[in-house]
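Asks: What follows is a structure written as structure tokens; I'll ask about it next.
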Amino acid sequence: MGAMAPRTLLLLLAAALAPTQTRAGPHSMRYFETAVSRPGLGEPRYISVGYVDNKEFVRFDSDAENPRYEPQAPWMEQEGPEYWERITQIAKGQEQWFRVNLRTLLGYYNQSAGGTHTLQWMYGCDVGSDGRLLRGYEQFAYDGCDYIALNEDLKTWTAADMAAQITRRKWEQAGAAEYYRAYLEGECVEWLHRYLKNGNATLLRTDSPKAHVTHHPRSKGEVTLRCWALGFYPADITLTWQLNGEELTQDMELVETRPAGDGTFQKWASVVVPLGKEQNYTCRVYHEGLPEPLTLRWEPPPSTDSYMVIVAVLGVLGAMAIIGAVVAFVMKRRRNTGGKGGDYALAPGSQSSEMSLRDCKA
């Protein structure tokens with residue numbers, strides 16, 4: 001790849017930006033761009049997808065009936081026609097850049113034009129609670145493998161193989177790192193703040209996690225305790241296990257935070273402990289939606305004996321309530337009949353049961 005990846009997409013819109021106030025970070029913006037060659041089926045397919053805080057908000061697909069950037073979040077619909085027309089034209093320019101560099105990489109790797117190949121580019125930025133850049137990203141991959149990436153210092157490159165070394169030398173001569181760093185520290189951060197402002201009702205909300213601990217028996221006198229955090233937003237969360245107040249790090253299994261499918265996230269952390277020692281372990285949950293961190297233990301279910309005692313007590317209480325209701329009813333009837341036994345008075349024309357039985361004799 002000789003030419004640097006285009007950055008016009010956001011640079012051309014920089015004049016429209018203004019400082020905004022957002023909820024404490026961190027927040028992120030990412031663009032994932034992909035081109036896939038398909039010999040005999042026309043030009044490579046190009047797709048660009050943008051995410052803010054892991055939520056898709058824009059998409060471009062060259063295979064669409066009318067290829068253009070489309071909003072993928074309701075809050076992006078407030079952008080006017082000029083915005084969409086401009087970034088669509090920029091996307092079509094980037095589509096051409098991908099096609100050219102796919103052909104260039106075929107030469108670098110001495111590959112024929114008859115196969116299917118993929119070029120990917122991920123770029124974006126993270127900001128902290130002060131609104132400033134935490135980290136920037138510029139990463140390229142070819143055929144599913146790392147190719148070249150801008151290092152965290154935003155000054156140097158890491159090339160994955162000999163072909164990528166060619167690109168690294170060309171980009172170093174062209175000052176590409178300075179070019180990308182200026183974008184990441186400037187326009188990327190500013191556009192992220194703008195999008196956070198536009199989508200504040202969705203992106204700046206906080207949903208506190210619902211947490212609990214589950215118990216999973218193992219062999220050899222051990223059990224797994226798993227601490228669950230469900231239904232939280234934003235995605236940033238910390239789960240830790242402690243033994244008698246001391247944090248466990250090496251012995252803890254932690255899964256990546258993953259979307260729940262309803263706009264919230266979920267995560268769990270587990271630890272293997274000796275059977276019978278479960279109460280010595282606590283799970284701590286940290287999330288900005290919580291007024292203070294949660295501390296949880298595994299709560300064993302009631303034993304069979306305890307359950308029977310509870311059932312017996314509830315049965316006695318229920319019986320006492322029924323007896324009390326009957327006594328109250330009888331006392332009330334006695335008061336209503338002047339205390340003469342509380343017998344029911346027969347209505348005019350009615351017959352007692354004894355009379356009816358006599359009348360029915362054969």
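Here the Cβ of each residue, glycine as well, is placed from N, Cα and C on the backbone.
Just so it is clear, the model here is predicted, and its values are computed rather than measured.
According to Swiss-Prot, the protein has these features:
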DISULFID  C125-C188  disulfide bond
DISULFID  C227-C283  disulfide bond
DOMAIN    209-297  domain 'Ig-like C1-type'
MOD_RES   S353  phosphoserine
MOD_RES   S356  phosphoserine
REGION    25-114  region 'Alpha-1'
REGION    115-206  region 'Alpha-2'
REGION    207-298  region 'Alpha-3'
REGION    299-309  region 'Connecting peptide'
REGION    340-362  region 'Disordered'
TOPO_DOM  25-309  topological domain 'Extracellular'
TOPO_DOM  332-362  topological domain 'Cytoplasmic'
Asks: In the structure shown, which of the disulfide-bonded residues C125, C227, C283 has the fewest other Cβ atoms within 10 Å?
Replies: C125
Asks: Mean pLDDT over the region 'Alpha-1' (25-114): what is the value?
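Replies: PLDDT averaged over the stretch: 94.
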Asks: Whole-number Å distance between the CA of C227 (disulfide bond) and the CA of C125 (disulfide bond)?
Replies: 31
Asks: Cα-Cα separation of C188 (disulfide bond) and C283 (disulfide bond), in Å?
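Replies: On Cα coordinates alone, these residues lie 37 Å apart.
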Asks: Let me check the 10 A CB neighbour count of C188 (disulfide bond). How many other CB atoms are there?
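Replies: If we count other Cβ atoms within 10 Å of C188 (disulfide bond), we arrive at 24.
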Asks: Pop the Cα-Cα gap between C125 (disulfide bond) and C283 (disulfide bond) into the table, whole Å please.
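Replies: Given the Cα positions, C283 (disulfide bond) is 31 Å from C125 (disulfide bond).
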Asks: For C188 (disulfide bond), which of the three DSSP-derived states applies: helix, strand, or coil?
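Replies: In the DSSP reduction, C188 (disulfide bond) maps to helix.
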